[in-house]
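*Asks:* Take a look at this one; I'll ask things after.
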Amino acid sequence: MSVFRDLRENLRPFLIVLGISSFFQFVFKEAFMYPSILPLNVPNEGILETLGNVFFYVYFFTILLTSLLLIEKYKLMTLITASLIISLFAPLIPNYNMSPFWYSFEIFITIVGISLMIESVLKSSIYSLLLLPTMFMVAVGLIGSISLNVFHHALFMSYIMAYLISLLGYLSYTLLWDKKKSIRSYIGIAVGVLVLIPFIFSIYEVGSNRYLEILMNMILPSTLGIDLYNPYHITLLLLALGLSAMGIVMSIIKGNYSAGIGYFIVISTVFLGIDGYQVLIYMISPIIGFSLITYNEKKRIIDIISPRTK
């Protein structure tokens, strides 16, 4: 137990590995999957696909270990960790994705996941209320997964609007976190703005070039798993990605590593989790990602509600 205690006290190395593996599995596995089917010449395509698979497994086992280390703070994380372990063996069941086991398991994950996110908010500061739109976005993804896979009925809503509202809350939370006027905070804001600039130029290029607009509509929504019911909303998606990159970089530079990495995990998996390619990790990851966003908070809302609660 002392080993786990030491690991919990020094979570940063795991967050670094988790951040790197989640980024590269997204780039080489999720994001690479769709451009690779287009009539484009991709050099060393086989190597890139292999790298994607390697980083996917590194990501899986790192997020599994991270969830184990979060159990001390979030008691419901025990059930999410157990669900991750069970998901390893689910494919051993013939036609598991069409079995009552699969449907029951998805409903179970949804109920526990929403409860865990509520626990995460209650065990963090008052500023975490700004993350409620992000919690709502993850909850919608979980409910959308049940609606599609269990009841075979797609949940129609403006996912891009949910994403943008989530971003508004997350950026506000990032700016308010550690309000000390330090050089590090100013550097974080400056670098975040610099990261946003290329996306602004991309928005202009895509908006003024119909061919690029069509190409981006073929790639970006499929990469993220998000449904754009209006193809002209592709520029809004580019804006959302730019603001996401800005907020994540700001969080990491300001020292809130878990929030930056957690939000990246949320946005890169929350919409994929609706269908998830029948891979449960894409349904579970946003839940763990949200818990990571609030992990560094010391003051707790639950202590304000009930001061005796420890």
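Positions of Cβ are set from backbone N, Cα and C atoms, glycine also.
Pasting the feature list from Swiss-Prot:
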TRANSMEM  51-71  transmembrane segment
TRANSMEM  76-96  transmembrane segment
TRANSMEM  98-118  transmembrane segment
TRANSMEM  126-146  transmembrane segment
TRANSMEM  156-176  transmembrane segment
TRANSMEM  187-207  transmembrane segment
TRANSMEM  233-253  transmembrane segment
TRANSMEM  264-284  transmembrane segment
*Asks:* Residue list, the transmembrane segment (51-71) vs rest of chain: Cβ under 8 Å, 6 or more residues beyond ends.
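*Replies:* Cβ under 8 Å, 6 or more out: 4, 7-8, 11, 14-15, 17-18, 21-22, 24-25, 27-29, 32-33, 77-78, 80-81, 84-85, 265, 281, 285, 288, 291-292, 295.
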*Asks:* Apart from its near flanks, which chain residues at least 6 from the ends of the transmembrane segment (233-253) lie with a Cβ under 8 angstroms of it?
*Replies:* 160, 163-164, 167, 170-171, 174-175, 177, 184, 187-189, 191-193, 195-196, 198-200, 202-203, 206-207, 213, 216-217, 220-221, 224, 226, 259-261, 263-264, 267
*Asks:* Would you kindly list the residues that approach the transmembrane segment (98-118) from elsewhere in its chain, counting only those six or more residues past its ends and only Cβ-Cβ distances under 8 Å?
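*Replies:* 74, 76-77, 79-80, 83, 86, 90, 135, 138-139, 142-143, 145-146, 149-150, 280, 283-284, 287, 290-291.
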